[in-house]
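J.: As listed in TrEMBL for this protein:
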DOMAIN    6-204  domain 'UmuC'
BINDING   D10, D125  Mg(2+) binding site
SITE      Y15  site 'Substrate discrimination'
ACT_SITE  E126  active site
Amino acid sequence: MSDRRIAHLDMDAFYASVELLRYPELRGQPLVIGGRSVPAPQRQADGSLRCARLRDYAGRGVITTATYEARALGVGSAMGLMKAAQLAPDALLLPVDFDAYRHYSRLFKAAVREIVPQIEDRGIDEIYLDLSTHEEDSASLARRLKDSVAAATGLRCSIAIAPNKLLAKIGSDLDKPDGLTLLGMDDLPTRIWPLPVRKINGIGPKADQKLATLGIRSIGELAAADEHWLCGHFGQHYGRWLHAAAHGLDEHPVVTHSEPKSVSRETTFARDLHARNDRTELGQLFTALCERVAADLVRKGVMACTIGIKLRYADFSSVTRDITLAEATTDARMIRRAAGECLKRVPLEQRLRLLGVRASHLSPLAEPMQPELALD
Ligand code: TTP
Ligand code: MG
Ligand code: MG
């Protein structure tokens with residue numbers, strides 16, 4: 001696997017850049033997106049644009065993102081707006097418009113697929129690509145991808161091509177904005193080891209803090225640490241992973257299969273069953289179906305927000321019902337309970353031929369590359 005070529009592509013200041021497509025006259029100014037009930041910019045009679053400023057904001061909202069001009073003033077993602085206002089009171093403040101960002105997210109991914117059909121979708125503004133089978137050299141491929149995204153959206157992105165996902169992800173951040181970064185294993189000592197450990201995807205605040213108390217701040221210091229010593233402090237699994245990551249090693253494949261839209265299981269009974277007279281048998285079959293759906297969800301790495309049932313009656317007519325949960329789940333008991341609720345909403349006088357359970361509105365389970373969740 002040592003000759004893989006993996007790309008990570010991440011849009012630059014994504015939400016803010018989409019807003020600037022709409023309001024190009026705001027380019028070059030410090031601008032942040034976020035908050036609650038922030039007024040949208042108003043076009044004045046003289047054609048000028050009137051925009052909220054950070055200093056006008058009162059409330060508990062946070063910044064989703066900031067333009068690079070605003071970042072220069074010390075503000076950025078996840079910072080409270082009131083705190084940001086102290087650092088950059090004159091920065092412009094725009095409300096979030098997820099529909100617009102989703103639209104541009106689809107556009108840039110479609111532009112990439114024109115060149116590399118298989119992508120791993122990692123969220124609204126980033127993707128991984130496996131370029132190993134492409135003939136074209138990395139620099140010109142990356143250039144073409146960037147040009148294609150820019151032509152389709154008017155937006156800039158940063159791309160890194162590296163031997164694996166771990167290094168590609170670190171790399172796309174190295175020369176932002178508008179970065180084009182090529183990394184090989186030779187670049188480890190000069191470009192990766194000086195970086196703080198937090199730059200590794202999978203080292204979160206908790207692990208970062210614990211490493212700091214052990215005197216390890218840079219990836220190079222982590223690489224120099226003894227693997228057994230790390231395992232002693234972080235457990236076998238995470239300790240080994242830390243050691244490998246610091247040496248730029250990562251074997252995770254780019255996962256390009258598209259996620260299923262729904263998962264369902266159904267069963268046609270050997271003989272028609274009646275909801276009352278065959279209650280026990282029906283209940284057991286129902287539970288078994290829910291357990292199989294739950295297992296399918298886990299196997300596919302997704303969780304479901306909507307649970308539905310399908311019944312077919314002795315006269316071959318059928319009905320479906322579904323229910324949306326407060327929280328996505330893969331849990332068989334939760335699915336069984338939701339399906340039971342659905343069952344209360346269908347007529348049960350007739351005998352039944354078939355029973356089905358379906359889970360939909362799927363979203364990916366947490367990325368397995370983040371073992372830090374298990375830390376305490
Ligand atoms: P990022 O790719 O992390 O950031 P970015 O695209 O704004 O800037 P960069 O040039 O550094 O890549 O996140 C993508 C979008 O996700 C971002 O535009 C807004 C949203 N987001 C939040 O809503 N909250 C957050 O804490 C972060 C980090 C991002
Ligand atoms: Mg981004
Ligand atoms: Mg991103």
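Here the Cβ of each residue, glycine as well, is placed from N, Cα and C on the backbone.
Any idea what these are sitting next to in the structure?
T.: The number of other CB atoms found within 10 A of the CB of D125 (Mg(2+) binding site), across every protein chain shown, is 22.
Packing around Y15 (site 'Substrate discrimination') is summarised by its Cβ count: 26 other Cβ atoms lie within 10 angstroms of its Cβ, all protein chains included.
DSSP assigns E126 (active site) to a strand. The Cβ of E126 (active site) lies under 8 Å from the Cβ of H8, L9, D10, M11, S172, each of these being in the same chain and 6 or more residues away along the sequence.
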J.: At a 10 Å cut-off from the C-beta of D10 (Mg(2+) binding site), count the other C-beta atoms across all protein chains.
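T.: Here the count is 21.
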J.: Could you measure between Y15 (site 'Substrate discrimination') and D125 (Mg(2+) binding site) for me? Cα positions, answer in whole angstrom.
T.: 9
J.: Considering only the recorded positions D10, Y15, D125, which possess a Cβ situated under 6 angstroms from at least one atom of ligand 2?
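T.: Correct list: D10, D125.
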J.: Quick one: mean pLDDT on the domain 'UmuC' (6-204)?
T.: 96
